[in-house]
Amino acid sequence: MDIQQNKTNKQKKKRNRFIFRSSILLILVAAVVFAIVSNMKDDNKIYRVGDAAPDFQLKQISEEVDQSTVQLSDLEGKGVMLNFWATWCDPCKAEMPYMQDLYAEYKEKGVEIVAVSLDGTELVVDQFIDEYDLTFPVPHDKNGEVKDLYKIGPMPTTYFIKPNGEIEEIVQGALTLDRLEGYLNDIAPQQN
């Protein structure tokens, strides 16, 4: 009987291990399915040309600008160039002088340039603003919330937004002066 009882005990242990392992596997599969379904929700939308640009509000760094925050919805009725950049990004540095050169002219035409800094600290951004004599709004996305909202990958990335809030164009990489001017013309409010 000892042999029979030993066999029965081994079978019970095997069955218990099988049930335990199956339960763990089922829990893991359920967790993976939940994670996939959660990531498919609308808050993970990738914005494309023709979509409405999502609203945001960020603290303003540039002292040249009157307001202390920049909120996209406050610029309704104007064309908006929304540029995502960082001080360590060489292509970003290359296009900043073009943006500054065109800012005053296009501000009069109803186009606002907003350069969202993705740097970690305000100090480096403030020094950059002084070095390049930037006079357009430079809000700071310290925590990356707006970067995540717009799904920004490579820098610079620029959204050109029509006066009605619709995305006209998305450009990844540095802009030349000619391309920049062309896009700014495309989003300028129509003069009647």
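Numbers here mean position along the shown chain, with the first residue as 1.
Even glycines carry a Cβ here, placed using N, Cα and C.
What Swiss-Prot annotates here:
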TRANSMEM  22-41  transmembrane segment
DOMAIN    47-189  domain 'Thioredoxin'
DISULFID  C89-C92  disulfide bond
So which one is it: of the disulfide-bonded residues C89, C92, which has the fewest other Cβ atoms within 10 Å? C89
In three-state DSSP terms, C92 (disulfide bond) is classed as helix
Model confidence over the domain 'Thioredoxin' (47-189), averaged pLDDT: 91
